[in-house]
Amino acid sequence: MAPNNVDNPQNCVVNNTINGGVGVDDEETYGYAAQVLNSCVLPMVLNATIELGVLHLVNQAGSGPDGLSPAQLAALIQARNPDASVMLDRMLRVLATYDVVSCTAVPTEDGGFERRYGPAPVTKCFVPDEDGVSLAPMLNLVIDKVFLQSWSKLKEAVMEGGIPFNKVHGMHAFEYPAVDPRFNEIFNKAMYDQSTHIIKNILAKYKGFSQIQQLVDVGGGLGHTLRVITSKYPSIKGINFDLPHVVEHAPQIPGVEHVGGDMFESVPKGDAIFMKWILHDWSDDKCLTLLKNCYKALPENGMVIAVETNITDQPETTAYARAISQLDVSMMTQNPGGKERTRREFESLAKSAGFARVDFVCCASSFWVMEFHK
């Protein structure tokens with residue numbers, strides 16, 4: 001009798017072909033294709049476990065057999081659905097296949113086993129840290145219906161031009177929050193959490209703020225980045241510069257002045273100008289206009305401190321390269337001309353705006369700190 005392959009899904013080859021003619025040699029390829037076509041499942045499941053509080057519980061659990069069973073998790077979140085434990089088990093199994101959580105099979109008295117879930121290294125990225133921030137709000141933003149709807153217009157944008165987000169919503173992504181308070185709150189929370197996390201890592205490595213007296217944060221949102229910077233460097237006078245509808249909601253921060261305006265018209269003067277994830281939002285023409293305004297606002301020997309990703313010239317298969325390539329297409333879909341840039345592209349932009357040189361100083365949380373020197 002032929003061996004039973006049912007219990008091992010990897011042994012699913014029948015008569016040298018599967019699923020309409022994919023050959024044995026293509027088994028791994030087909031499996032990868034199946035993963036790609038269902039890749040939207042991962043962020044949706046992850047977001048649901050975050051909203052349910054399940055990921056937080058898993059992060060607090062022990063590892064291996066000390067992890068939490070689906071039944072325990074269902075009880076802890078007080079789910080009324082009798083099928084909740086089965087649903088959670090299936091959801092967490094997906095996360096375990098991506099190493100978002102860990103999973104251990106523990107034998108049961110009836111000769112079977114139950115899966116118990118605990119934290120993996122990346123789990124902590126999606127639960128609040130000591131500052132109460134995580135990547136969870138950014139995930140919530142990425143899968144929000146406002147952004148998801150834009151993808152339906154990507155093909156049309158390729159064929160006919162235009163920005164997918166604008167085609168759906170009738171305005172660009174930085175105008176939209178002013179007319180949608182719900183989305184504005186989601187956007188601001190995502191920016192706050194990611195900014196707080198990354199700026200702390202930057203301050204641990206980057207020492208370029210030590211001699212600055214007046215620092216302008218262009219596109220600084222509600223001023224949280226300047227709050228963190230000025231907490232470490234209290235001698236700095238901070239100017240938080242953003243659109244009027246943004247700064248009107250900004251809280252009072254000691255040593256920080258909130259200024260509303262249009263960065264494509266002018267930029268407040270300072271010893272240095274800080275821009276985090278601003279250049280990647282805009283086209284080369286818009287960035288050139290902005291950088292020229294920055295150049296005018298700086299004294300001799302002043303500099304722009306820009307925090308951005310550096311995309312590689314050739315595609316790579318590392319997690320970093322995939323993340324940056326995905327972000328690049330997200331910028332293309334959601335933002336007015338947004339893109340991730342190579343080092344050469346940043347150097348070209350800076351020099352076209354009049355800056356003498358670009359220094360790539362350090363990398364923190366996958367983002368490069370660059371100095372554009374006047």
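Placement of Cβ uses the backbone N, Cα and C atoms for every residue, glycine included.
Taken verbatim from Swiss-Prot:
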type     : residues                               : note
BINDING  : Ser195, Gly219, Asp242, Asp262, Lys276 : S-adenosyl-L-homocysteine binding site
BINDING  : Asp242                                 : S-adenosyl-L-methionine binding site
ACT_SITE : His280                                 : active site, proton acceptor
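Features per Swiss-Prot, on structure.
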| residue | record | DSSP class |
| --- | --- | --- |
| Ser195 | S-adenosyl-L-homocysteine binding site | helix |
| Gly219 | S-adenosyl-L-homocysteine binding site | coil |
| Asp242 | S-adenosyl-L-homocysteine binding site | strand |
| Asp262 | S-adenosyl-L-homocysteine binding site | coil |
| Lys276 | S-adenosyl-L-homocysteine binding site | strand |
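Here the recorded positions are Asp262, His280, and the one whose Cβ sees the fewest other Cβ atoms within 10 Å is Asp262. Summarising the environment of Asp242 (S-adenosyl-L-homocysteine binding site), the number of other Cβ atoms within 10 Å of its Cβ, over all protein chains shown, is 23. Among the residues the record lists as binding S-adenosyl-L-homocysteine, namely Ser195, Gly219, Asp242, Asp262, Lys276, the two farthest apart have Cα atoms separated by 21 Å.
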